[in-house]
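Listed in TrEMBL:
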type    : residues                                    : note
BINDING : 166-173, 191-195, 212-215, 279-282, 308-310 : GTP binding site
BINDING : Ser173, Thr193                              : Mg(2+) binding site
DOMAIN  : 1-159                                       : domain 'Obg'
DOMAIN  : 160-327                                     : domain 'OBG-type G'
REGION  : 331-351                                     : region 'Disordered'
Amino acid sequence: MKFLDEAKVYIRSGDGGAGAVSFRREKFIEFGGPDGGDGGRGGDVWVEAVNGLNTLIDFRYQQHYKAKTGTHGMGRNRTGANGEEVTMKVPVGTQILEEDGETLIVDLVREGQRFRLAAGGNGGFGNAHFKSSTNQAPTWANPGLEGEEKTIWLRLKLIADAGLVGLPNAGKSTFLATVTRARPKIANYPFTTLHPNLGVATIDGREFVLADIPGLIEGAHEGVGIGDRFLGHVERTRVLLHLVSAQEEKVGKAYKTVRHELDAYGGDLIGKPEIVALSQIDTLDEKERKKKAKELEKACGRPPMLLSAATGEGMTDALRALRDIIVASSGGDTALPDRSVPVQDDVEDEE
Ligand SMILES: Nc1nc2c(ncn2[C@@H]2O[C@H](COP(=O)(O)OP(=O)(O)OP(=O)(O)O)[C@@H](O)[C@H]2O)c(=O)[nH]1
């Protein structure tokens, strides 16, 4: 299985075109003088953050980004054309790292943010450029400068206001699908979510971005299961909604497993504001509800919210609770101000 939140890409900017060696030739004009034009600049390689993407899947198919070479200069002082640039379009939240996978080159956090990863080589000077009082007819020109080449890593850390965490089958995808237009895959087997999904939730006229992170299991931070690869996405949320399925035999243990993984991952995930909810509450009768809610309360230290995506019970309260924390932690603003909101519709899961 290949994960889509990291990709290795080779980039190369265009070489500059060579300068030309040429002399003006016209009837009745002897020694017309040098008129070799300069070469064009090579194309740059850019990266740009765009909305509407939430995986790096495209980079699995296209791993080479090469800009075009500048054309050579020509006689009659004609400058070569600049090489065409290329722009890699990446989801908002993509970080670009050096080949070592650690050194950050740029973190693209806003829609429309652009960064030049490799500059095209300058075009060479044509011989007209070298004309001087002592040499009226230079017979040389510069070659163009070479473009830059390098290998880089792209790493996606989605930017969402709230993140859904929980064990596989906790009901995260269902929650997201119920409160937003996102249509993640839902099935009652674990790990239906193979990459994070984003959706926009609206509550009392306010919008915020919600991310569904694939299920975490014990050992996730060590690479067991698939959740650990996605914990990075949680790093950038303001609040977590931690869902514990009412169908878990031991809800306290389920809660603690996820907390442990968040803690082990580091990056202060454990310190993020968290709302705890017992999900799929419609599957329990009154007596069981009380029992499981108590059990979960014991584990998390406060009464959990009770909700059901199936019946809608508690859903509005959960959204309001999330919104309140988002608003409080962002000085009144929800989604980042200069980011229009990415909405995701059908996205295929990857093998
Ligand atoms: N009865 C009931 N079933 C639910 C509810 N929410 C989710 N389910 C079911 O529980 C199963 C798992 O739900 P998902 O939303 O896929 O769970 P998930 O946490 O996203 O799972 P992963 O993608 O594996 O991490 C599915 O069969 C859902 O239909 C609910 O509120 N009530």
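Cβ coordinates come from backbone N, Cα and C, glycine included.
Remember, TrEMBL labels are computer predictions, not curated facts.
The model shown is predicted, which means the values in this text are computed figures rather than measured ones.
Recorded features from TrEMBL, shown on the structure.
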| residue | record | Cβ neighbours (10 Å) |
| --- | --- | --- |
| Gly166 | GTP binding site | 28 |
| Asn169 | GTP binding site | 21 |
| Lys172 | GTP binding site | 32 |
| Ser173 | Mg(2+) binding site | 23 |
| Gln280 | GTP binding site | 23 |
| Ser308 | GTP binding site | 22 |
DSSP three-state call for Ser308 (GTP binding site): helix, strand or coil?
coil
The mean pLDDT across the domain 'Obg' (1-159) is 90
Inter-residue C-alpha distance, Ser173 (Mg(2+) binding site) and Gln280 (GTP binding site) (nearest angstrom):
12
